[in-house]
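Everything below concerns the one structure shown next.
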Amino acid sequence: MQVDTHSPAGSELHAWRAFLARATLALGLLLLASAAVCGVAANWDAMTKMQRLAGAQVVLAASAVLAAWLYVRPARSSVAAHGRACVVGLAGVLLGALLALVGQTYQTGADTWELFALWAALMLPWAIAARSQGVWLFWIVLANVALGLLLGERVLSWWVVFDGPGFASLVVSAANLLLLAVWELCARHWRAGTGVGPRVLVLIAMGVLVLALMFGDSVVQGLGTYTGLAWVGATLALAYFYIRIRRDLAILALLAAGVVCVSLRVLGEWLFRIEPGVWVALPLAALLMGEAVVAARWLRRLAAGPAIAADAEPAVASAGGAVEPEVPAVVQLGPRTVRRTATPWYVQALLGLSAWLATLLLLTFLLASGLVQTPAGALVIGLALCAVGVAIVRNAPQLFWRQCAIALAFAGQILVTAGLSQSESVTGSALLLLALSTAVYVLGPDAILRFLSGLMMALAVFILAAFTAGSQALYQQMLSWMSFDVLRGLTLWLPACVCAAWLSALAFLARERMPAARRDVLQPLAWALSLAAQLGALQAAGVAVWELPALWGLHPPAAGFLVLAALLPLAVSIVLLRRQAHALPARMRIAVPAGLLLLGACWMPGPGIAFAMTWVLLGFGLGRPRLRRWGQAALIVYLVLYYYQLDVPLLEKAAWLACAGVLLLIMRVLAWRLGRPASGESQPASNAASRGLSQQPAASDAVRPRRPVWAAVMLGGLVLALAVVNAGIWQREQLLSNGTIVRLALAPADPRSLMQGDYMALRFAAAREIGQLQEADAAQQNRWGGPSTDGYLVLRPDARGVAQPLRVQPEPLPHGGDEVVLRYRVRAGGVRLGTNAYFFPEGEARRYAAARYGEFRVGDDGTALLVRLLGPDFQPL
């Protein structure tokens, strides 16, 4: 049952103004941060080394000083608190870009984890001063990336000693549980926000343990015993805390999912020991669904029971320090939807996970048992399973049997898809799949089954949008479809994801016009199409707006679909604004679509941004917070993965991202002025009341004292960061000036760095002999008894001046007068001498293809910097 209530007149105007102010600022700064990363990675050679370093430091200092100025006085509203936290986030990203620029400029060859560890350490003062959940989550991601890269690169140090991968999961879990304890302590004493942070930490801490138990060694032998004991202890402790101390049903659902997965591994291992065979998949599927049903009923009972230690989070939710006094929350846009659903979202997620895993087990049984041997057999059995599954869903009231039916029906649709894979008619196969999934969707009244069927409908829509006819088999079409390049992105993926995105938006909007009793019918389909569109956008391509006429001349449908992608947020905004035409001024109803039209022209190269903004708009306009959060998460993921689309130059990405970011910041300045009454125009009393403290600066400032301590912490963090960076620059310049010249023979390759742009992967000939030299020196061991991963290689130049290895030793001294000592590191990717990469401006890989030698400057302590690459005759490249 759902009950819709409308906000008072005037509150819609304030809500729209607040939303536009927050959205334009957050998105503008996010795009500028992305532009900074792409700009650094492009390694633009139009600026000198010192110009790039100085410019990056000036931009970082400006953002940090702005953040410090904003933190001098407590925020007067949640909009102001959100805005200054976004500025801190921008400064954090610029700090990482500066560190990457230093490594790129001086070819330091530092381990990747060192970059992220230093980034997290230097950003810690800002995170403490910001007291924002978003900033702390950003810091937690950095810390976990650094820890994961450290364990991955140092795998040779601990794998032999601990005999397996369980050690890494224990370390990651312990670190995140410690952060969780600190977060909960801050929540208990300083009212830190608990809506997102603790759940993310529990997901990471317990997720690594569960994955180690499911895919690692035996849970009753070897290191798996310690991992299993750690998982049991952590699960019990967290369950007690989040049931008795502070109830959080989403975290309890995560713990229940972990119990389901681990019990699946334990029982499967036991059954295989008794009698190996494919039949084990059936009792495992039954156990899986039974445990999920029990967990779902338990969570429902807890949800229906009395609340324990209910969270009372201030609008300026934070973690890691004391929060500021509570300020009024922004009014949610009407109609505010109060949803009373029989199944909470975390229960649906748990049941959906169990249905997915049970489907995989059922398919494993059908395929491995020999019941499905031909495409025709898969088609017949799939249709039968769909019919049985729909029949059980329609007639069985018990949740367990409904879960079984979901697995049967979804497995049946997958088998039908496999049966159609050999069809010569791609369009006919897609239409049959669409008809089947539509029938299951309509006839199966279950939200999880409808969501899974919606995904199959999205697959059919993708195939129909991409292929109108074909003579090849369907699976061959799909294999060629998955490979990304600009041509496929424009002609195949773009039409498919645009169709899915428009259909999803129409489904979300149509749902609000349906009777209350029928609204849940379209919701699973809308979510499935939204997910499919956003995933498809990762493979879709776009072009700049000035290249649109050329694209129209080459392939008009691609140009048309690209325009439709850019106009989707505009169309959605017009519909949403018309719903509130009685409360919003005409200039707002004109200015918002006009601004989205300009932005659509900016983000044509990245259609995924337009789709993500559509979900954000729909989530706000329809009063659906989870849809808004999905759009925000999809936007961040898309920007991260968009960096790796190698067919688009990094400098071009940086240019259009920066243009869009600047345009959004200009709109941020205008957004708060849109709803202000004109001169002489009266303001509705309800609107004035809805603004509360956020529009009363005089009275508010009188009672809000300045807190320069947080601004001082911000500035102190800036001084520390600049000091560390410039000290590193000075040390490297000294080494370049005074170091000994060493030449090493190399063999290059060419991938792309995580943050630092195009580079040539280097493998030195001298590194190949380190393993043999280490074997000759039995004393080369680390402190844990495993093989040594760090040491010093003694080199001597030959007649041509190319350094040749002589021996390895644990310290730089002793060595002869004609010998040079070079530090080496043995990592998971091989032996590193100084560096394993040479960074060059994007697009100049062909120039360095003839490289045969690397020229280093080496200090007395073995530290080396790669200066340049040399050709076969030692000519500089």
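Placed from the backbone N, Cα and C atoms, the Cβ positions cover glycine too.
Bear in mind that the values here come from a model prediction, so they are computed numbers and not experimental data.
Per TrEMBL, the feature compositional bias 'Polar residues' maps to 681-698.
Annotation source TrEMBL lists domain 'DUF2157' at 19-136.
The domain 'DUF4401' annotation in TrEMBL covers 344-673.
What TrEMBL lists as region 'Disordered' is 681-700.
Under the heading transmembrane segment, TrEMBL lists 54-72 (among others).
What TrEMBL lists as transmembrane segment is 112-129 (among others).
Per TrEMBL, transmembrane segment is recorded for 136-161 (among others).
Sequence-distant contacts of the transmembrane segment (167-186) (same chain, six or more residues past either end, CB-CB distance under 8 Å): 136, 140, 143-144, 147-148, 151-152, 155, 158-159, 192, 194, 197-198, 201-202, 204-206, 208-209, 211-212, 216, 223, 226-227, 230, 234, 241, 246, 319-321. Taken from TrEMBL, the feature transmembrane segment covers 167-186 (among others).
TrEMBL lists 198-216 (among others) with the feature transmembrane segment.
Nonlocal intrachain contacts for the transmembrane segment (222-243), taken as residues 6+ away from its ends with a CB within less than 8 angstroms of a stretch CB, comprise 162-164, 166-167, 169-170, 173, 177, 184, 202, 205-206, 209-210, 212-213, 216, 251-252, 255, 258-259, 262, 302, 308. Look at TrEMBL and you will find 222-243 (among others) tagged as transmembrane segment.
Marked as transmembrane segment by TrEMBL: 400-420 (among others).
Annotated transmembrane segment per TrEMBL: 426-444 (among others), in sequence order.
The transmembrane segment feature in TrEMBL is assigned to 490-509 (among others). Remote same-chain residues near the transmembrane segment (490-509) are listed as 458, 461-463, 465-467, 481, 484, 522-523, 525-527, 529-530, 532-537, 539-543, 551, 555, 557-558, 561-562, 564-565, 568, 571-572, 575, 607, 611, 614, 618, 622, 624, 627 (criterion: CB distance under 8 Å, separation of at least six residues from the stretch ends).
Annotation source TrEMBL lists transmembrane segment at 590-618 (among others).
Sequence-distant neighbours of the transmembrane segment (655-674) (same chain, 6+ residues past either end, Cβ-Cβ under 8 Å): 17, 20-21, 24-25, 27-32, 34-35, 38-39, 544, 585, 587-588, 591-592, 595, 598-599, 602-603, 605-606, 609. The transmembrane segment feature in TrEMBL is assigned to 655-674 (among others).
Marked as transmembrane segment by TrEMBL: 709-729 (among others). Residues 53, 57, 60-61, 64-65, 67-69, 71-72, 88, 95, 98-99, 102, 106, 118, 122-126, 128-129, 131 of the same chain sit 6 or more residues outside the transmembrane segment (709-729) yet have a Cβ under 8 Å from a Cβ within it.
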> Based on Cβ pairs under 8 Å, which of the stretches 112-129, 400-420, 426-444 lies most in contact with the transmembrane segment (54-72)?
Replying inline: 112-129
> What stretch, picked from 112-129, 426-444, 590-618, has the most CB pairs under 8 A with the transmembrane segment (400-420)?
Replying inline: 426-444
> In terms of Cβ proximity under 8 Å, which residues at least six beyond the ends of the transmembrane segment (198-216) contact it?
Replying inline: 137, 140, 144, 164-166, 168-170, 172-174, 176-177, 179-180, 183-184, 187, 223-224, 227-228, 230-231, 234-235, 238, 248, 250-251, 254-255, 258, 261-262, 264-265
> If you average pLDDT over the domain 'DUF2157' (19-136), what do you get?
Replying inline: 87
> What does DSSP give as the helix, strand and coil breakdown of the domain 'DUF2157' (19-136)?
Replying inline: 98 helix, 0 strand, 20 coil
